[in-house]
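To start, the structure under review is shown below, and the notes come after it.
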Ligand code: AHM
Ligand code: MG
């Protein structure tokens, strides 16, 4: 039972026992995410003040320019999780390969691997628009005490034990699930404490917001084009409103609170869309389902997709259940 003014720390302790694999390890992991989030938040908030914005002069494995804050957030999250000796492996959207932690130490009994997008939407930083961190946690499948392998990371989303995001917005929030609903915590920056502000978050079943980069419209599959026209049609509770921040975490967060659908479909330019299955789509899909929403690639449940590579991309449609199902209907019948 959550109390008024409950802090994230108190919430973690209170709910630790209800987690089915409870050993305190996952709680320590969430605590580390909390710490890294505060450190990154501090830096993100200074973005306009110090010479930290702009490209770091490097490109990541996907050939995109890295922003300085991407590099910073990546380092902070990896450092925090490594220093506290909490996980046995980390994969990051900003790293070419996964990192195995303490692989030489037979006493390393850590069970969890973490996959992370340290700063999603970072092209928005230099224009003062919200960005986010996304994380996803799995139990390793190889034996404890041995070095992790790629198989520990290439698990289906349905195997996630926890997932969440931090949104660095007008206020900073940490939103996460351990498979028992979704809870949101808002940072009080004056004292550096997260408070439970959004208990048991739920997507409304229906919504009136659609979020998609319509600049790519002519390249979209016919089913998506038809669905967008459906959203714009004057009929019943339509036309819907279009809202696209271009920061997945922020677009998702708004849609979860207000009701809506986010789409990054495949296009004639990108045959698998843009978003990464392991770092972006699976964690958001887990949160969506835990909040009574839905996530699909247009035909299949995101969390049922068998991953084949770390940086794999998939088309992504996510949000209020009835809206996602309607979009799927259009995808299945593009001739209608
Ligand atoms: P990133 O991981 O390089 O930041 O890209 C992911 C972001 C999402 O946050 C956002 O929804 C999408 O890319 C926007 O892409 P586009 O500018 O093509 O609409
Ligand atoms: Mg990203």
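For all residues, glycine too, the Cβ spot is worked out from N, Cα and C.
Keep in mind that what you see is a predicted model, and the values were worked out from it rather than measured.
For the Mg(2+) 2 site, TrEMBL lists 117, 120; matching the candidates 280, 289, 306 against that entry yields 280. When 156, 266, 274 are compared with the substrate site residues 120, 121, 122, 123, 213, 244 in TrEMBL, the one appearing in that site is 274. Checking the candidates 93, 94, 95 against TrEMBL: the one annotated together with 117, 119 at the Mg(2+) 1 site is 93. Separation of the C-alpha atoms of residue 280 (Mg(2+) 2 binding site) and residue 274 (substrate binding site): 10 Å, rounded to the nearest whole number. Residue 93 (Mg(2+) 1 binding site) and residue 120 (Mg(2+) 2 binding site) have their C-alpha atoms 9 Å apart, to the nearest angstrom. Residue 121 (substrate binding site): 21 other CB atoms within 10 A of its CB, across all protein chains. A Cβ distance below 6 Å to any atom of ligand 2 is met, among the binding-site residues 117, 120, 121, 213, 274, by 117, 120.
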